[in-house]
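The next block holds one structure in the form of structure tokens; read it before the comments.
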Amino acid sequence: MRDSQRVRGMAEWRGPGGFFGINSRSVSGPLCIIGAIVGVSLLAGNDYQLGLMFMMGVYFLCAAGMNVLVGYAGQKSLGQAGLFAAGAYGAAILSTRFDWSPVFALIGAAVLSGLCGALIAWPSLRVRGPYLAMVTLAFGIVVEKLVAGWTEVFGGAQGIYGVKPLTLSGAPLSGLHWVWLVLGMGVITYFLLRNLLKGRFGRAWLAIQADEIAAACAGINVYRYKVLAFVIAGICCGIAGALVAQHGQYINSDYISFNLSIFILLLVLLGGAGSLYGPLIGAILLTLIDAYLARWPSVQHFGYGALLLFALYVMPDGVAGLLKRLNGVSAPEAGPANQLDASKGRSVLARTVEAISPGGADHSLLEVEHLGKSFGGIHPVQDVSFSLRPGKIHALIGPNGAGKTTMINMLSGVIPASAGRIAFLGDDIGRLSSHAICRKGIARTFQNLRLFGALSVQENILIGRHCRMQNGFFSALLGLPSSRAEEHQAREYTASVLKFFGLTALAQRPAGSLAYGLQRRLELARALATEPLLLLLDEPAAGLNPQECVELGDLIVMIAGLGITVVMVEHHMDLVMKISDHVIVLDHGSKIAEGLPAVVRADERVIASYLGAPAAA
Ligand SMILES: Nc1ncnc2c1ncn2[C@@H]1O[C@H](COP(=O)(O)OP(=O)(O)OP(=O)(O)O)[C@@H](O)[C@H]1O
């Protein structure tokens, strides 16, 4: 998916609307399409045309679920035929062997395929990109072989006959009823997913797609969200499969093939991955193309392969992206960045910090005891201990390769320590993951910027609010008032942070399009939006010009003035000596000195290993 499209997709949010998050502007497009399909279905003259419309609805369900997984969460999946099969065979077996009613068989099939989704999500913790695609592909192939070869259970090529269809007043649904049923399910699916994708869940998936480490450090439970995306894709594909089995009252292994996985992927990519309309466009277009190409089975799969390549190379935004471009939708104009304006956002930020900051200045906020890290035979940090006083600016300095970033990575949970203990407010956080550490109140920035470059400035900061938002999955899915109120509050808080950092005029710009100095500022803003008690800054002045360095120093002092403790890894000694209250010096992984800046500057070991002797007058 192209960056600009994602940004625009997220920027479409228009504030609190009507019941269940539905407002007139947001429903007009889908309602037009639904009205057109209802109209056509009423005019449809024969079973073939009704069958085509039924398949459009079925493919839309598949595509809508896969869009969450592929378009938003960015997980490469090629196992969707397996999920479809889980639903189809689940419904078939439950209704024929266990005599379940069609409705319960449909629900059972959805649960089963959701579980299969969770199963294939498991490897996504360890493998990414093409490797994940291989794992999901293997799942699809295993299911394909299973349903074809285990004839006692799945019937092989003969299939399973007598699948109970859904009924109306005791009679099986007519062709028109099936169309209206899938249409109704499609509409419900669209609005439920829309609620989810427009709020913190959608942002979390986009953040994971952009950068998993940055997402975790912004408080997102990456694994949980990946599993959720796979389960949603599984349920949607499973319901689609179950409907096909119930509609035809039959399912066999011919349905379940690698081609089906590619076809479902194509629905998303051609329609427009990461777009709310994309799956609908993909379903309509590809059902018609599929029906047309069915006359020439020998070129059918060739046609899909060619379309897939076309979608990937020529139209990466899909048809939805193309339509938006033709409509002239572009990124909004932005004014210049403002100077930092503490008066604007300070009251909100300070109040929050006071509310969550326990203890007084005498307490130690963080205790590091005999901390060590080994990468095989390399020991970047060895037996380091120090403690941090709240509300102070602490600098962590030392020569290249001294272990400073490794220390920050351990404090923020990016890598586990090999030895020692980290206590934050008295709790051992050494075994916690990054998102849990962020939730506890430790935020960080990165030596090499890790912004979500395709998302807007505002969305980047909203992602920082993620860990302070409480609304659950079902409340977000249903667009309940509590969830919408919380989203509204998050946006208000974000507006305060934007003002504090002088970024209001740039709120809708893609983060990646900002000047380098502003990107550094934005990363700091995102970290501050998590309401940290401790802020870890890894070389915040790297790449800044002298004027920006001065501004950064003022900003850090301002942040510390809010009561937030700062640890700053930095090579700019002027900045360190000017604003730090306490300096810790590492060399070859060991602490060689700590204390007040003036004391450290005069320390002979520090002079010898890092600072060097001052030039003679
Ligand atoms: N994942 C890793 N595997 C192996 N060695 C690593 C790994 N990460 C860091 N190191 C090594 O650990 C040592 C310390 O690296 P680290 O990045 O912490 O240093 P630093 O003090 O931050 O340096 P700089 O100021 O240049 O950023 C280096 O020798 C580095 O090569």
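Cβ coordinates come from backbone N, Cα and C, glycine included.
Annotated range for transmembrane segment in TrEMBL, selecting from 77-94, 599-616: 77-94. In this chain, the transmembrane segment (50-70) lies in contact with the transmembrane segment (171-193); the count of Cβ pairs under 8 Å, excluding pairs fewer than 6 apart in sequence, is at least 3.
The transmembrane segment (100-122) is not in contact with the transmembrane segment (50-70), judged by fewer than 3 CB-CB distances under 8 Å for residue pairs 6 or more apart in sequence. When pLDDT values are averaged over the domain 'ABC transporter' (366-613), the model yields 92. Counting same-chain residues at least six beyond the ends of the transmembrane segment (131-151), those with a Cβ under 8 angstroms from any Cβ of the stretch are 75-82, 85-86, 89, 116, 119-120, 123-124, 157-158, 253, 256-258, 261. The stretch in closest packing with the transmembrane segment (77-94), judged by the count of Cβ pairs under 8 Å and taken from 50-70, 227-248, 301-323, is 227-248.
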